[in-house]
Amino acid sequence: MFFTDFELEQLFNCNGDSLTIYDGSSAASPLAGQYCGSSLPFTFASSTNSVFMRFLTDKNFHRRGFDISYMASLDGCSGTITGPTGSLTSPNYPFTYPNSTTCTMNIDVLSTRQITVTWTAINIQQTPSCDSDYVALYNGQDTNAQLVGKYCGSSLPSVYTTTNRHLTVLFVSDEVITSQGFRLTYTTT
């Protein structure tokens, strides 16, 4: 899940208004974070199919609140995101991704928008033609669309802007060597 807007009362230790997120179905689950103020919290990927959130307010000051978008995935690494901004990562990022994995992630935004992708991290097994482990971008709704690039290694690819409102991200790993993977963010224009 990721935040597209966030503004709560800012007090020391979030003693006024706060949003607390747990990685599981209750407040007894592991704490993912407690947030207040106006900085967008990090993008969060749960380790289960549940996330518990507790919003507390002291009613003293009124702020905008927050807006959260999320992507659910049956196999843990494929799905569609429709929010105007967000991020995508390889499975288990920032830890090592699993062997023998194929993930297809789609970004699908409003019809009048284009998607700009910025890479924040990449560390994928390096081979001469990126034919073992790689992440690929396609300018369209699926992997039959125009291939933008196929990436591996540790050099950050260039910023890319789509020509339409769709982007497909394909991540593939073979059965032998793994690395940290990748993280990218996107915005719409």
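Numbers here mean position along the shown chain, with the first residue as 1.
Cβ coordinates come from backbone N, Cα and C, glycine included.
Keep in mind that TrEMBL annotations are predicted by a computer and have not been checked by a curator.
What TrEMBL annotates here:
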- 1-73: domain 'CUB' (DOMAIN)
- 77-189: domain 'CUB' (DOMAIN)
Problem set entry | Arithmetic mean of per-residue pLDDT over the domain 'CUB' (77-189) | 92
Problem set entry | Counts of helix, strand and coil residues, the domain 'CUB' (77-189), according to DSSP | 0 helix, 56 strand, 57 coil
